[in-house]
Structure formats: C-alpha cells, structure tokens
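Q: A single structure is presented below for examination.
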C-alpha cells in the first residue's frame with residue numbers, strides 16, 4: 001500500500017480468512033450491513049480509504065441476500081472465505097415467518113401497498129395445517145416481482161419501482177425440507193420453514209393465502225439458520241464487530257465447515273463433481 005506501514009491490527013485484519021455470521025437487523029439492506037461492517041473493521045485497523053476504494057482493500061462478501069425488512073443470520077466471507085459463498089447460497093436455510101391473513105400487498109410483505117383485502121374469519125387452525133402439506137417437499141414456486149432477481153441486468157425490484165411493466169418469472173423448482181405452524185392467532189400465523197436455495201418465504205405466505213381462498217402477506221421474517229450457522233450460537237451482533245471477535249468466530253466456525261483438504265482431493269479425482277467444490 002504505497003509504502004504505508006500497516007499496524008498490527010491491520011495485519012491481523014488482512015490475514016483473516018473464512019466464513020462467519022453476523023446479525024442483520026430489520027431495516028438496512030444486506031449490502032448495507034456488509035458495508036457498515038467493512039467500515040468498522042477498516043476504521044479499527046486504522047486503514048485510510050477514500051470512499052469507494054474500500055471495496056478493493058478488503059475482500060468480503062455475503063452468502064445470500066436477506067430482504068431489508070427481514071432480520072437474522074447473514075453469512076459473511078472474508079479473504080479466501082469469499083470463494084466459499086457460492087456453496088452457501090445453495091445450502092439449507094431456516095426461517096421463522098409471521099403471516100397476516102386477509103391482506104395482499106404488491107411486495108408480498110409489510111413494506112408494500114395493499115392490493116387486496118378478503119375475509120379470513122372462516123379459516124381454522126386445521127385448515128392452515130392441512131394446506132401446509134401441499135407446500136412441503138419439492139414444489140414449484142413463482143418468485144416475487146419485487147426481488148433481487150434480474151431482467152436484462154437490472155433487478156426486478158428496481159424496474160417495478162420505476163413503474164415499468166415486469167412479467168413474472170416462470171415458476172421454478174424449490175425444495176421445502178420442513179414446514180410447520182407454530183402459532184395461530186387470526187389474522188396472524190407463525191411458520192417455521194426449512195428450505196433450499198432460491199426459495200422465497202414471501203411467495204410461500206402469499207401462496208398459502210390463495211390456497212385458503214383468501215390472501216396473505218408476510219409481516220415479519222427472521223432467518224434462524226443458514227448452513228451450519230445459527231442465530232442462537234454463531235451470529236455476531238454489532239457490538240462484536242471487531243477484528244478480535246471475528247478472528248475468534250472464524251476459528252470457532254471453521255470446525256462447522258467441511259474440511260478444506262478433502263475438497264482439493266475430490267476436485268482432482270472427480271473433475272465433474274461440483275457438489276463438494278467450494279468455488
């Protein structure tokens with residue numbers, strides 16, 4: 001860095017490598033949380049960055065966007081760990097979601113405009129539980145229009161906000177490992193969902209509403225687990241966003257991940273085997 005002598009904490013920061021998890025609160029975007037984390041660490045290390053350069057200075061990425069309105073586990077890769085994030089995207093995730101019966105919104109969550117209202121008082125706990133079976137296993141799901149999915153290189157949500165006509169993406173196969181009703185206090189219902197990559201809990205809540213001949217929108221969403229990282233055990237809250245805490249967390253989390261050497265071996269033996277690669 002242009003003859004700049006880096007201090008001990010900067011040395012330590014740039015030697016960090018692997019995956020760890022942070023808590024994303026409701027409100028900011030996932031990218032916003034990552035940028036704040038980066039700024040904190042670079043400031044602690046005393047590294048001067050001029051505005052946009054900070055991204056090149058420190059290699060960091062996250063393993064799967066959580067909507068602004070959602071909270072919970074956000075997996076972060078640092079150093080060589082950024083190469084392992086692709087594997088995380090496909091990994092299983094657990095969510096707790098609160099749905100609201102009788103209202104639909106354009107974004108399928110509480111941030112959107114109400115587009116429809118329907119009666120829901122006829123719906124019993126039993127009705128809800130019966131419907132959940134239809135959404136368990138390998139199912140087809142149409143992703144929401146307001147999403148990070150892209151059309152011609154632009155996010156659908158950006159196009160929608162500009163008022164452009166956006167066609168729904170075709171339904172695609174997704175996997176639901178488990179789905180259960182935790183609470184039912186009409187109009188609110190709470191679900192626990194474990195699902196694979198590319199799954200939208202907002203779409204699930206909306207589809208459940210339609211299946212019950214009413215409508216529903218997601219009020220709250222918390223990601224409680226992503227791959228081996230859980231909300232209870234592994235996430236670092238904002239007060240722990242320090243170089244030492246992250247170093248400690250990386251050490252602790254390495255044991256959760258499949259061993260590195262085996263990846264290398266498997267790669268050479270089975271060049272076609274992508275499931276275990278961590279690129």
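Each Cβ is built from the backbone N, Cα and C atoms, and glycine gets one as well.
Feature table excerpt (TrEMBL):
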DOMAIN    56-201  domain 'Pseudouridine synthase II N-terminal'
DOMAIN    202-235  domain 'tRNA pseudouridylate synthase B C-terminal'
REGION    260-279  region 'Disordered'
Q: Can you work out the mean pLDDT of the predicted model over the domain 'Pseudouridine synthase II N-terminal' (56-201)?
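A: 94, rounded to a whole number.
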Q: DSSP-wise, what's the residue breakdown of the domain 'tRNA pseudouridylate synthase B C-terminal' (202-235) into helix, strand and coil?
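A: Once the DSSP states are binned, the domain 'tRNA pseudouridylate synthase B C-terminal' (202-235) shows 10 helix, 14 strand, 10 coil.
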Q: So how many of the residues in the domain 'Pseudouridine synthase II N-terminal' (56-201) end up helix, strand or coil by DSSP?
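A: Per DSSP, the residues of the domain 'Pseudouridine synthase II N-terminal' (56-201) fall into 32 helix, 59 strand, 55 coil.
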